[in-house]
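As recorded in Swiss-Prot:
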BINDING   2  Ni(2+) binding site
BINDING   70, 73, 86, 89  Zn(2+) binding site
């Protein structure tokens, strides 16, 4: 379960940026193709924040849908899986634009 190490990293990032103040909420972005299980992150976050500046902090998760750009016709389209063909031309080569995100977007401190 790599969500535990991700949750630890989120706590570390927030602690470094909180300036010694208590953190009330943390907002993270998780892309649809990131491979991160939202419920596991929530569970691990709660466990990792005990006894820290983030204890009892609210974890807000923003889901980022996947989108891609066709290498053949340059069309942008929503992606459900990395091997989806382009709906405009049927091409199979694409570059992901969004969907792999995993980042701390912001935090609220007191």
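Quick reminder: no glycine exception, Cβ is built from N, Cα and C everywhere.
Structural mapping of features recorded in Swiss-Prot.
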{"residue": "2", "record": "Ni(2+) binding site", "DSSP (3 states)": "coil"}
{"residue": "70", "record": "Zn(2+) binding site", "DSSP (3 states)": "strand"}
{"residue": "86", "record": "Zn(2+) binding site", "DSSP (3 states)": "coil"}
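Residue pair residue 70 (Zn(2+) binding site) / residue 2 (Ni(2+) binding site) shows a Cα separation of 31 Å.
Listed in chain order, the extra residues whose Cβ falls within 8 Å of the Cβ center of the Zn(2+) site residues 70, 73, 86, 89 are 71, 72, 74, 75, 87, 88, 90, 91, 94. For the binding-site residues listed here (70, 73, 86), the lowest count of other CB atoms within 10 A around the CB belongs to 73. Of the recorded residues, residue 2 (Ni(2+) binding site) and residue 86 (Zn(2+) binding site) place their C-alpha atoms 32 Å from one another.
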